[in-house]
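**Q** Under the heading domain 'UvrD-like helicase ATP-binding', TrEMBL lists 8-286. Sequence annotations record features per position, and here TrEMBL assigns ATP binding site to 29, 30, 31, 32, 33, 34, 35, 36. Residues or ranges marked as domain 'UvrD-like helicase C-terminal' by TrEMBL: 287-564.
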Ligand code: ATP
Ligand code: MG
């Protein structure tokens, strides 16, 4: 491809950034202004025009999916194979580094990743062993403490807990936790970054090598880097590399996880020669959507300030739908998706975004009812499901018997008579003698500490693990997986459990064998064995490459995971006070700005159509609550919005208004508008209207399955839910 075409499809400012002389640079610009496009073209430019080798380039993206897309885009633009270029997420790249230099990083070759769920279990176990009360030291808080310290680059030895007993105990938890991870060869997500950073600091010859190698470092979504990520880049860049960062302070949405938008300012201080380029034209959204988003974000203080305009037409107004409850909301969304399909639209062009993962279930149900394919990014990912983690636990233990987290997970799953007391003895021995659980068991058996029955059970388990390993050593990954699922008793355990859920679990286990069968060791994991690569892949990419990526499917995801993406049609569901902004953000005022940025991120994902929905009542987290529309809804000027009326008009006495509270007393029948009901034939539904009185009183119900129906109350046999 010739040079001029590298600059085709770029505006002047974008060209300036793409073709700038080799130097450091900040591209600061709002959503949809082409930052990611500029980054991609810049990489191609460096190779084609500046004759840089892909080997000399390191590019950081926010998700594995984005990395994959960028690699493909660069390959397309540059027309060459990019396999030697390092491109990935901070975690992915740091993991790669640790694998290559595991000895220098003080890790066993077979080290595995401890995901946050397993991390929490381990912390709970440690709290017990330290005799600390979970009420006083909530495990999640301890987890946050540990990860927070790691994100700041702090080891226990760096921390002075002063004279504060709580802090002292948290520090103790951190220390014990770290020791047991080190013994077991486990690294949590924060540890991956921290160790990669320490590798730079402690092993100058390794740093030298990479400083020599990477002449160009490019980072997308820079506003969401945390302290350790920035430090890692900073050290690697040294005084010679050219660092190009692109970002948008208005889209900084991971402050709660330690991201520091100040890194933007820090960068300018650390790289004084860096030029700042601002992009101002938005190419993504229609004018209505863009202007509404601009107005919303203008409510935030302390912005770096950006202008964003488009020459696109106004487009449709933003649709605002006030639902009775979450089922009605889901029904509305699915209805619109149906219409979209009828107009010839593709499902994959629709995205449903929500604040909380828990919101997805109802949406999923509604989609299932209508037979609409969907895919979930993040949230309940396949590899995060209980039964899958159980199976992976066995596989991990086969690969590394010292993997304490895996040991804990499966030692008594399915139940094999290893009770709480025996477990306690194992843990105490492990802790006191600084052993892994496996080695502690070996010792307990040698020294005949356990009672006959317990000893037999433990021996049985250990024999099982050894047998699983030996019997499957020569097998292909999927045979191995199948064998382990069967012989461990896992499958039987779920098969004998009753109910829908257990059936789904068995199906999931079966799907795992399918996943193993179709697993191809990715190029960057080739240095590991197939099993280890599979385990790492599961931990790193959980959910991102879900099942069949080729089916046309609606995309469901949290607002957070929608960052950087774009869709012709976007729904933002549950835009209510208490949910979005979240209750916590409302209570801790300073988090409100971040929620507003999240809203800005959500709105600016939409290209042509944007729907915002909220429900007057919602059952979520197991309880029902009544809510008002989010303040963010009110911050969008009315001129950009069109309120969508109920398809089934609601007559007196219930009046629902955009901001008013609904008077829903439904005196005579005892039913209320918005009430959930069950009908023996039509199933679940929501009361939307009523008329008449006495024996003639009729009630209108919107059923999930069959739509809206009028029923005579006296005969309807409706049950309140
Ligand atoms: P975000 O802040 O959401 O990450 P961004 O600034 O990275 O957005 P891109 O995703 O790079 O923006 O671009 C947004 C859309 O605009 C993409 O579809 C991209 O292909 C398109 N685009 C960018 N620049 C141009 C241009 N000069 N001409 C036409 N389309 C463009
Ligand atoms: Mg982008």
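Keep in mind that glycine also has a Cβ here, set from the backbone N, Cα and C atoms.
Heads up, TrEMBL stuff is auto-annotated, nobody curated it.
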**Q** I'd like to verify something. Among the binding-site residues 30, 32, 36, which ones have a C-beta closer than 6 angstroms to some atom of ligand 1?
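**A** The ones that qualify, in sequence order, are 32, 36.
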**Q** List those of the binding-site residues 29, 30, 34, 35, 36 whose Cβ lies under 6 Å from any atom of ligand 2, in sequence order, or write none if there are none.
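**A** What lies within reach of ligand 2, judged by Cβ under 6 Å, is 35, 36.
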**Q** Other than 29, 30, 31, 32, 33, 34, 35, 36 themselves, what residues in this chain have Cβ atoms within 8 Å of the centroid of the ATP site's Cβ atoms?
**A** 248, 279, 282, 284
**Q** I want to verify one value. Collapsing DSSP to three states, which class is residue 29 (ATP binding site)?
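**A** Residue 29 (ATP binding site) sits in a strand per DSSP.
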**Q** Please give me the CB contact count at 10 A for residue 29 (ATP binding site), counting all chains in the structure.
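**A** Summing over all protein chains shown, residue 29 (ATP binding site) has 26 other Cβ atoms within 10 Å.
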**Q** Please compute the mean pLDDT of the model over the domain 'UvrD-like helicase C-terminal' (287-564).
**A** 87
**Q** Sequence gap of 6 or more, Cβ distance under 8 Å: name the residues on the same chain that satisfy this around residue 35 (ATP binding site), in order along the sequence.
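**A** When sequence neighbours closer than 6 are ignored, residue 35 (ATP binding site) has 27, 29, 220, 246, 247, 248, 279 within Cβ distance under 8 Å.
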